[in-house]
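Peer 1: Pasting the relevant annotations from Swiss-Prot:
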TOPO_DOM  1-194  topological domain 'Cytoplasmic'
DOMAIN    6-119  domain 'Longin'
MOD_RES   Lys38  N6-acetyllysine
DOMAIN    134-194  domain 'v-SNARE coiled-coil homology'
MOD_RES   Ser137  phosphoserine
MOD_RES   Thr140  phosphothreonine
MOD_RES   Ser164  phosphoserine
MOD_RES   Ser168  phosphoserine
MOD_RES   Ser174  phosphoserine
MOD_RES   Ser177  phosphoserine
Amino acid sequence: MVLLTMIARVADGLPLAASMQEDEQSGRDLQQYQSQAKQLFRKLNEQSPTRCTLGAGAMTFHYIIEQGVCYLVLCEAAFPKKLAFAYLEDLHSEFDEQHGKKVPTVSRPYSFIEFDTFIQKTKKLYIDSRARRNLGSINTELQDVQRIMVANIEEVLQRGEALSALDSKANNLSSLSKKYRQDAKYLNMRSTYAKLAAVAVFFIMLIVYVRFWWL
């Protein structure tokens with residue numbers, strides 16, 4: 001289930017729009033997550049990963065960054081990641097069309113709170129079980145969600161690091177993995193060439209032997 005949706009400007013973390021689950025009990029529980037989301041917005045910058053998943057206990061944050069705007073959603077951990085990112089992409093398309101040009105000029109928090117109407121409508125579409133099945137089939141072209149950076153929200157907030165630092169570590173690991181694969185490929189090629197050379201030497205020696213001893 002989609003429980004909390006927030007949109008913020010990356011440059012300064014200014015909240016632009018938000019929508020929270022209307023259920024009273026969930027509303028009380030979600031205050032902590034809303035606070036975490038605001039802290040997260042303040043840590044974002046131009047070098048932050050543009051797609052990220054952050055574990056938060058029984059809940060999960062997902063966000064995307066497009067044109068300097070962060071679109072974030074809080075879901076139950078069991079909610080499909082693919083649908084969560086498809087939901088965020090839908091919000092981005094509509095929000096950018098309606099308010100994209102005005103984003104750099106606003107200074108008041110929640111200047112586009114009226115966007116909640118579209119958020120609520122889209123959220124219902126993704127929560128409905130039948131609609132979710134349909135969305136699952138039409139979004140097969142969505143980017144590979146397995147490649148999206150994954151972290152823990154508490155660790156990110158407590159460590160005090162900008163998300164760009166985490167992104168750098170992820171990139172470093174990716175580079176090391178790529179180098180390992182390249183080195184392994186190089187060693188395999190050398191091994192193959194060595195075997196071929198040994199076979200070639202054997203046949204050359206055989207030819208020389210036959211020529212000098214049998215002819």
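FYI, residue positions are counted from 1 along the chain as it appears here.
Placed from the backbone N, Cα and C atoms, the Cβ positions cover glycine too.
Help me understand the surroundings of these features in the structure.
Peer 2: Helix, strand and coil counts under DSSP for the domain 'Longin' (6-119) come to 52 helix, 32 strand, 30 coil.
Long-range Cβ proximity for Lys38 (N6-acetyllysine), meaning a same-chain Cβ under 8 A and a gap of 6 or more residues, is found for Met6, Ala8, Gly13, Pro15.
The average pLDDT computed over the domain 'v-SNARE coiled-coil homology' (134-194) stands at 60.
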